[in-house]
Amino acid sequence: MGEKMSPRKRREDERSIQSKEPKAINLQKEVGLFSGICIIVGTIIGSGIFISPKSVLSNTGSVGPCLIVWAACGILATLGALCFAELGTMITKSGGEYAYLMEAFGPIPAYLFSWVVMMVMKPSSLSIICLTFSEYVCAAFYSGCEPPKVVIKCLAAAAILLIITVNALSVRLGRYVQNFFTAAKMVIVAIIIIGGLVFLAQGNVKNFENSFAGTPPSVGGIGLAFYNGLWAYNGWNQLNYVTEELRNPCRNLPLAIIIGIPLVTVCYILMNVSYFTVMTPTELLQSQAVAVTFGDRVLYPASWIVPLFVAFSTIGAANGSCFTAGRIIYVAGREGHMLRVLSYISVRRLTPAPAIIFYGVIATIYIIPGDINSLVNYFSFAAWLFYGMTIVGLVVMRFTKKNQGRPIKVPIFIPILVTLVSVFLVLAPIISNPAWEYLYCVLFILSGLIFYFLFVYCKFGWAQKISKPVTMYLQMLMEVVPPEKVPE
């Protein structure tokens, strides 16, 4: 028989164990105003501005409407972000649309948003960005021939692994990487703008004559042009995903939006002006990579600078996407809409490591198929469906949560206008060019209801028996624990 422990000894051991426990395991407020601006600018300026000009021009038909669409996309992104600023300062939870839909309409719309975003939109977007990065890097080593697909995919997978590792290790490290790549991409933006303005000052204005000549664009064409333009602005709502890690969000969130998005809009318009200064509309449409063609004509023999900095731009956008997307998965897991372990935080690193790793695994899987661009195009209308629902939620909460504090309150006509534009962007491409893929997309969204009722609403015992040991094993393997404080 072992020696019986005295009450005094037992109390001392309990106090010793309690003293070793961490006081609080929560995400830390590491993001300031400058880093917030870098997240917005760095996530928006990715590969879009180097690819989308051709698609916007092909759908508008001439230079004048093309520039108007780029400016209108920037205004729309700014108005939408201001609505999100009101939501973000009123509901100070991370997760963006997920948190706002949960507050406005309840768990089902929020779950469907998390289902679509986590399983298709965010991971596929990351994989496309990393594939673009890989193609630009490989092009430097395979001059005059097309790089092997296997090499491109392996390098893209390595880029995803690197980004996931950086963001899982440290919030501060991820922030420093984002700030560096944002500065790098602003260098190539400045080079393109200054090069174009120099050519413009030399009298190269021929391409701007009769800017509105030609066949007027159709309603469907305008909708598709907005889709392509807004894809280049994708990221305007990214800062709302990390509200819990933002210092003084009531001040820094709206300031970062007001500074960041207009800055990107001005850069995009000036970059398109630069493109048209050097290339005719026909040449721009025939270009495989608009920025590379610009570099060959303006910067030769230093044209290699363009693909190098475009690679920096894409990897910076991928890092920003990973930094924010991991927080959606983290919040969904915290609400019980995903495996609980996805809401756990690393004890050593204070990062949502399980959520980030899960995101990286799904993104890596999307690299395997040959072409996923068409899939993402059809899901773009789903993105604006949820954006519209979120803005409608803002209007609804003006009546259902009248007494809730609102440090920022935008005029009511702004969310109404953004909602109407969202409806147009959802319906216009479907009406002008109906396709079965849109129906498949809707069916996929609704299929999330099956998983919701099976694993969230009903919570079958057999599912709990499987998930509990898996959660315990992963918790010990990754040294993660549940967050101790959930923001109200």
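The backbone N, Cα and C atoms fix where each Cβ goes, glycine too.
Here is what TrEMBL records for this protein:
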TRANSMEM  31-52  transmembrane segment
TRANSMEM  67-87  transmembrane segment
TRANSMEM  99-118  transmembrane segment
TRANSMEM  154-174  transmembrane segment
TRANSMEM  180-201  transmembrane segment
TRANSMEM  253-271  transmembrane segment
TRANSMEM  304-330  transmembrane segment
TRANSMEM  350-369  transmembrane segment
TRANSMEM  381-400  transmembrane segment
TRANSMEM  412-431  transmembrane segment
TRANSMEM  437-458  transmembrane segment
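The transmembrane segment (253-271) shares the most Cβ pairs under 8 Å with 31-52, out of the stretches 31-52, 154-174, 412-431. If you count C-beta pairs under 8 angstroms between the transmembrane segment (180-201) and each of 67-87, 99-118, 304-330, the highest count goes to 304-330. Within the chain, the transmembrane segment (412-431) has long-range Cβ neighbours (under 8 A, six or more residues past its boundaries) at 76, 79-80, 82-83, 219-220, 222-224, 226-227, 230, 381, 384-385, 387-388, 391-392, 394-395, 398, 438. When each of the listed stretches 31-52, 67-87, 99-118, 350-369, 381-400 is scored by C-beta pairs under 8 angstroms to the transmembrane segment (154-174), 350-369 comes out highest. Among the listed stretches 67-87, 99-118, 350-369, the one sharing the most Cβ pairs under 8 Å with the transmembrane segment (381-400) is 99-118. Remote same-chain partners of the transmembrane segment (350-369), defined as residues 6 or more beyond its termini with a Cβ less than 8 Å from a stretch Cβ, comprise 25-28, 118-119, 122-124, 126-127, 130-131, 153, 156-157, 160-161, 163-164, 167-171, 322, 325-327, 329-330, 333, 341-344, 474, 478, 480.
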